[in-house]
Amino acid sequence: MSPASDPGESEAQIAAESDGADQTAPAASFDVEAEEPPRSRILAALDRPLVSAFAATLGVLGAVVIGSAIGSISSILVWIILGLFLAIALDPIVRLLERKGLRRGAGIAVVFGAFVLLVVVFLVFMLPPVVNQVGEFVAAIPDALADVGETEWFAGLSPDLQAAVAAAVDQIESAVRDPATLAAVGGGILVFGAGVAAAISASLVVVALTLYFLASFEAMKEAFYRLAPARTRPRLADMTERITTAVGSSLIGSITLSALNAGTVLVLHLLIGLPFAALMAVIAFVVTLIPLFGSVIFLVFGTAVALFSGPDKALLFLIAYLVYIQVESYIISPRVMNRAIAIPAALVLIGAMIGGALMGVLGVLVALPVTASILLILREIVVPKQDRKI
């Protein structure tokens with residue numbers, strides 16, 4: 001017969017067995033599926049074909065309305081862009097005067113005064129002869145075309161070239177003497193006069209915008225920096241300074257080189273004795289604003305006009321202007337454009353064509369700095385970001 005068991009011992013044994021059962025029993029697992037968040041009503045509605053088509057139609061209509069609005073204020077946008085670019089171009093000069101000890105307001109006044117003085121000099125000394133020479137040039141075209149066959153340079157051509165030149169001259173002469181052409185020219189003169197009046201009023205607006213942008217340029221840049229996150233503001237400020245410096249240098253350099261071209265053409269015409277000196281100088285200034293190829297274009301045009309004064313004078317002009325082009329390319333341009341960004345020639349040509357198609361002469365003028373800015377952004381931001389990717 002076994003001895004009687006201790007009640008405390010029995011309770012401990014039962015508790016131990018219970019603990020063992022708890023340890024060996026597998027824990028019950030419950031698979032709880034996460035509930036999907038409710039979809040937006042707008043996204044759900046867009047799944048319906050009719051609603052999607054309606055939304056697309058609204059988007060197209062909105063784009064058309066915005067495009068029409070931009071088209072209606074396109075002239076104002078051009079004035080704003082021109083004023084901003086002029087302010088960017090003049091800002092390095094103002095900052096140079098600030099480093100010399102002038103306050104920014106005084107520097108702006110000095111720069112604006114010099115600009116007004118240049119405009120007054122042009123209006124007083126250059127505009128009257130240019131206007132007179134435009135009339136003389138138009139009146140001289142029929143007689144000059146009629147006398148082509150009697151010129152020395154025409155006599156020196158081969159028979160085939162003489163026939164080709166004579167045919168081209170006949171076509172030009174018939175077009176010039178056509179009454180429809182004369183009517184178109186007369187209408188064009190009226191349009192030109194209206195355009196001059198509009199250009200004067202637009203110039204006043206652009207000058208006012210340029211002064212405002214110059215006076216508040218630093219505040220505008222600070223406000224622009226605050227649009228970016230705080231951690232990227234130093235980088236944005238550095239890129240903005242580099243872009244504005246490149247744009248300003250390109251604009252000032254282009255205008256300076258065009259002015260030197262115009263001065264050279266004026267001096268050559270006066271020394272050689274070629275007609276229409278003031279008119280050709282103005283044409284040279286406008287044409288040579290085209291980057292890289294403007295000087296070559298005017299070389300061909302100027303030599304062709306000089307041929308009507310004789311082959312010897314045309315040859316002198318050709319040689320002298322070719323010498324200037326070489327001096328400009330290898331000596332003047334590297335010093336004037338030393339702070340501008342180097343741009344491949346193909347991109348310069350493409351940018352000039354696009355700018356000219358969009359905004360005319362103004363587009364050609366701003367094509368170089370805009371292309372330089374895009375290249376700088378690609379080189380400093382896009383390419384390094386892509387290089388960090390594996």
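The backbone N, Cα and C atoms fix where each Cβ goes, glycine too.
Residues or ranges marked as region 'Disordered' by TrEMBL: 1-34. Positions annotated as transmembrane segment by TrEMBL: 49-70, 76-94, 106-127, 189-215, 243-272, 278-308, 315-333, 345-378.
Contact between the transmembrane segment (345-378) and the transmembrane segment (278-308) is supported by 3 or more Cβ pairs under 8 Å, counting only residues 6 or more apart in sequence. Annotation: stretch 243-272 has the most Cβ pairs under 8 Å to the transmembrane segment (278-308), among 49-70, 76-94, 243-272, 315-333. Residues 253, 257, 260-261, 264-265, 268-269, 272, 274, 295-296, 298-299, 302-303, 306 of the same chain lie 6 or more positions beyond the ends of the transmembrane segment (315-333) yet place their CB under 8 Å from a CB of it.
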